[in-house]
Amino acid sequence: MENFDKVKDIIVDRLGVDADKVTEDASFKDDLGADSLDIAELVMELEDEFGTEIPDEEAEKINTVGDAVNFINNLEK
């Protein structure tokens, strides 16, 4: 499974949004209705799923689904 698909599944599960709304350009706050607590929980779930730690200063830069996917992809390089 591609990283985008894994991230998308986590977002759909955690936020209860329609999978069609989860695109790389989708903003967690503006498009998916996430608040800061939702985003913190998403970051923790991504850390668990991908076996990594996302520093707070990096987590603050994750505003869109694409940001999250790019962060994960860069870890794997």
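Count begins at 1; order follows the chain as displayed.
A Cβ is built for glycine as well, from the same backbone N, Cα and C atoms used for every other residue.
Noted in Swiss-Prot for the protein shown:
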DOMAIN    1-76  domain 'Carrier'
MOD_RES   SER36  O-(pantetheine 4'-phosphoryl)serine
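Summarised by DSSP class, the composition of the domain 'Carrier' (1-76) is 46 helix, 2 strand, 28 coil. When pLDDT is averaged over the domain 'Carrier' (1-76), the result is 95.
A 10 Å cutoff on Cβ-Cβ distances gives SER36 (O-(pantetheine 4'-phosphoryl)serine) a total of 9 other Cβ atoms nearby, all chains included.
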